[in-house]
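A short worksheet on the structure shown next.
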Amino acid sequence: MAKRFLLLLPLLSTILLLSVSVTESEAYSTTKPCQGYKPDKFTHLHFYFHDVISGDKPTAVKVAEARRTNSSNVNFGVIMIADDPLTEGPDPSSKEVGRAQGMYALTAMKNISFTMVFNLAFTAGEFNGSTVAMYGRNEIFSKVREMPIIGGTGAFRFARGYAQAKTYKVVGLDAVVEYNVFIWH
């Protein structure tokens with residue numbers, strides 16, 4: 001058995017080396033530039049984002065914090081995971097159009113600023129089943145904040161654009177935020 005293996009070892013080594021060299025030499029040939037692609041649609045979305053931290057059924061929960069967080073006046077180091085409803089109107093009972101699923105972290109040491117990583121997953125209407133990926137800085141005490149749209153799925157493939165967030169209402173730690181999202185796709 002060992003002799004057979006020793007006889008096959010050079011053959012297996014050769015096959016492995018050839019497969020590695022073929023893989024490396026073809027790495028760029030599998031990716032072709034997208035020639036002449038131009039986004040053909042522009043979409044403006046308007047909805048309200050409900051971030052609920054308090055109560056029996058929170059939609060955002062703290063999953064981590066740094067040891068120094070309690071000594072920070074801006075909660076630096078806190079990480080939250082969220083599955084927040086997106087609705088047509090500012091009232092939490094208005095029609096739900098999707099969910100903001102992702103996380104945000106308090107990443108500034110001198111002010112309250114989040115780094116937001118969210119998929120806006122649409123569950124109703126024309127864009128049901130589609131998502132938009134949003135990633136960026138959200139300095140929550142600024143009147144209007146802008147975050148980039150970096151991709152999407154379904155109707156929003158190849159999406160790019162930006163989202164503008166404006167705080168509508170804050171009660172304790174819970175917030176309702178108005179969003180205007182401008183997407184080329």
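Note that Cβ sites are derived from N, Cα and C of the backbone, with glycine treated the same way.
Under the three-state DSSP scheme, N70 (N-linked glycosylation site) falls in the helix class. All protein chains considered, the CB of N70 (N-linked glycosylation site) has 9 other CB atoms within 10 Å. The N-linked glycosylation site annotation in Swiss-Prot covers N70 (among others).
If you look up Swiss-Prot, you'll see N111 (among others) marked as N-linked glycosylation site, on the strength of sequence analysis. Mapped onto three states, the DSSP output places N111 (N-linked glycosylation site) in coil. For N111 (N-linked glycosylation site), the count of additional Cβ atoms within 10 Å of its Cβ stands at 13 [all protein chains shown].
Residues or ranges marked as N-linked glycosylation site by Swiss-Prot: N128 (among others). Contacts of N128 (N-linked glycosylation site) defined by a Cβ separation under 8 A and a same-chain sequence distance of 6+ are given as F122, in order along the sequence.
What Swiss-Prot lists as signal peptide is 1-27.
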